[in-house]
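According to Swiss-Prot, the active site, pros-phosphohistidine intermediate annotation covers 119, on the basis of similarity to another entry. The ATP binding site feature in Swiss-Prot is assigned to 13, 61, 89, 95, 106, 116.
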């Protein structure tokens, strides 16, 4: 996959949905120059959430995390672009909003770690696993944005 074809999984959590922050978050990724290739709005099942957070299953907060993520709808997305995993994480800010810089999503829009409004893949490998877990291949849309030439040099 070409460098500008890297993909990441981003999910707006139930608190972000309930607070009406979906449009602002999508706008930030679009304005950065990333391309949305898949999106679905769903009530994630506990089974899906347990699989998604399997690496955290032995942590004391795991049951509460699954319950919180299951408490309302989630907006699951796949974004594509140059270094989108790393840059996406920078855009999100630190997991704990109190440690996030102004200008980041968490730094601007939330206060507590337990309500940090958004998830983003932490590595290319994690992104690939998360995308495969949440989306079927045929749900990933291939298209060339007319803005492509204005975002990338070549």
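Every residue gets a Cβ built from N, Cα and C, even glycine.
Feature annotations (Swiss-Prot) mapped to structure.
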residue: 13; record: ATP binding site; DSSP class: coil
residue: 61; record: ATP binding site; DSSP class: coil
residue: 89; record: ATP binding site; DSSP class: helix
residue: 95; record: ATP binding site; DSSP class: coil
residue: 106; record: ATP binding site; DSSP class: helix
residue: 116; record: ATP binding site; DSSP class: coil
Non-local Cβ contacts of residue 89 (ATP binding site) (under 8 Å, 6 or more apart, same chain)?
120, 121, 122
C-alpha spacing of the residue listed as 'active site, pros-phosphohistidine intermediate' relative to residue 13 (ATP binding site), in angstrom:
7
Counting every protein chain shown, other Cβ atoms within 10 Å of the Cβ of residue 95 (ATP binding site) number 14
Who sits close to residue 119 (active site, pros-phosphohistidine intermediate): which same-chain residues at least 6 apart have their Cβ under 8 Å from its Cβ?
9, 10, 11, 13
Counting only residues 6+ apart in the same chain, whose Cβ is under 8 Å from the Cβ of residue 106 (ATP binding site)?
92, 93, 94, 95, 97, 100, 116, 117, 118
